[in-house]
Amino acid sequence: MPVRIPDNLPAAGILESENIFVMSETRAANQDIRPMRVLILNLMPNKIETETQLLRLLGNTPLQVGVDLLRIHDKESKHTSVDHMNTFYRDFEDIRNNNYDGLIITGAPLGQIDFKDVVYWDHIREIIDWSQQHVTSVLFLCWAAHAGLYHLYDLHRQLLANKRSGVFNHRRTSDPHPLLRGFDDEFFAPHSRFAEMDIEQIRQHPDLEVLAESDEAGAYIVLSRDNHNVFVMGHPEYQKDTLNEEYVRDVGEGLNPDIPQNYYRQDDPTQDTIVRWHSHGSLLVSNWLNYYVYQLTPYDLSDMNAKTPWESKK
């Protein structure tokens, strides 16, 4: 089934060229189907690139998905035009009374800044709090995963001596679980961050469960025991060249970055990159959307209330 996107969104042409099924709002409005409503809070600098990456994953699921793009209103984007933001993005005040099937909160290049020093931290906290009552399931990615664990569970991250960048091997750490259905025992995923959460601190928290981890990269997938919040410490949405583009950028800025691990052939930046995470990244988002959103969300979103669908089934 297609991902349903606003008419004329730039990502549409890219996705169609990759044979990913997308549908305009105009065409979808003529179908008698209740699409999943997913809100994306896009905190990444290059909005269009991140939109495309996430829509690519959502478009590979068997469900029709309608997407709203959300911005932090008083945070002007330096890398995306004002026209694009005003045309395709909504402010929180516009949607605060809405309910959604799912919410995705992206990463952000804020890994070395204390959460309380982030200029829009109060807005992030407000949206996270709102999501606990107005969204069936929330998917936090990379920086957002750290932010969510800090705000909701008072877990603190530790800064790394060097940026952790690369593609790392992970293993499942739980019994068969819907979020990992179809996963191999071991799989790869990209990471790009300056901090990490102490995996033992997560394990000891009574409201959290570690589903996948890496010897090199630590905790990867963490689930709240009420199944409402999914925290992914890496970037399953990254495309083939994303880590390379970040590396080249950092070299150009004189930051002397480490070469992304397990990414270039023979660990040589002059050679091609090796993609070995796309299938599991796609499966992760598909499982989340199916088992944690579609199977649990009310048909009429106005029926959503303070009790989550998971609690209603107890």
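Yeah, the Cβs are placed from backbone N, Cα and C, and that goes for glycine too.
Taken from Swiss-Prot, the feature active site, acyl-thioester intermediate applies to Cys142, supported by sequence analysis. Residue density at Cys142 (active site, acyl-thioester intermediate): 28 other Cβ atoms are found within 10 A of its Cβ, drawing on all protein chains shown.
Cβ contacts within 10 Å of His235 (active site, proton acceptor), excluding its own Cβ and spanning all protein chains shown: 24. For His235, the entry in Swiss-Prot reads active site, proton acceptor.
Here Swiss-Prot flags Glu237 as active site. For Glu237 (active site), the same-chain residues lying six or more positions away in sequence with a CB closer than 8 A to its CB are Thr50, Gln53, Leu54, Arg56, Leu57, Leu141, Gly281, Val285.
Applying an 8 A CB threshold to same-chain residues 6 or more apart, the list for Arg249 (substrate binding site) is empty. Annotated substrate binding site per Swiss-Prot: Lys163, Ser192, Arg249, in sequence order, evidence recorded as sequence analysis.
Under the DSSP three-state reduction, Gly111 (site 'Important for acyl-CoA specificity') is assigned to coil, being neither helix nor strand. Taking a C-beta cut-off of under 8 Å and a sequence gap of six or more, Gly111 (site 'Important for acyl-CoA specificity') has these contacts in its own chain: Trp143, Leu159, Lys163, Arg193, Phe194, Ala195. The site 'Important for acyl-CoA specificity' annotation in Swiss-Prot covers Gly111.
Taking the Cβ of Ser192 (substrate binding site) as centre and 10 Å as the limit, one finds 21 other Cβ atoms among all the protein chains shown. The site 'Important for substrate specificity' feature in Swiss-Prot is assigned to Ser192.
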Worksheet item: Taking the residues the record says bind substrate (Lys163, Ser192, Arg249), how far apart in Å are the two Cα atoms that sit farthest from each other?
Response: 14
